[in-house]
Amino acid sequence: MKLAFLFLGPMALLLLAGYGCVLGASSGNLRTFVGCAVREFTFLAKKPGCRGLRITTDACWGRCETWEKPILEPPYIEAHHRVCTYNETKQVTVKLPNCAPGVDPFYTYPVAIRCDCGACSTATTECETI
C-alpha cells in the first residue's frame, strides 16, 4: 500500500499541477489546444519530517477528444473517453533537506518523457470521476 501511494501520489500531483498550468496560461493557443503534450512545471516535493524542495520537472497536460453516442442495445451508450496520460516516464530521486533523524530523506517522482491521449490506466493516473 505504501509503495503504491509513493508512486501514485506524485503522479496525481504532476497531473493536477500540469492541469493548473494549462488553466492559468494566458496564451490563446493553450486554451484551444486539443491533444496531449509534455510541459515543464514546478512543484513542492515534501514528506513528513523533512523540509520541502522545489522541483522543476516535466509532466503531461492537455485536452483529449471524447465522445458518447446512444445505441439500441445494452449498455445503450457507446463511449470513447480518452485522457492525457503518461506513455513513457523515467524516475528521478532527490534528497530532501533537513530531514529529522530516522526519516528517509529520498523522494522519487516521475518525469514525463512522452504523453499521449489514451485510456485511463490506474497504473499511472488517478482515474476517478467527479
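Residue 1 is the first one shown; counting continues down the chain.
Every residue gets a Cβ built from N, Cα and C, even glycine.
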Quiz item: Of C99, C115, C117, which cysteine does Swiss-Prot list as the disulfide partner of C60?
Solution: C115
Quiz item: With reference to Swiss-Prot, which of the candidate residues C36, C127 participates in the disulphide bond with C84?
Solution: C36
Self-check item: Disulfide-bonded cysteine for C50 as listed in Swiss-Prot, from C21, C64, C99
Solution: C99
Quiz item: C120 pairs with which of C64, C127 in a disulfide, per Swiss-Prot?
Solution: C127
Quiz item: Hey, of C36, C50, C64, C84, N87, C127, which of those recorded positions are within 10 Å of C115 (disulfide bond), Cα to Cα?
Solution: C36, C84, N87
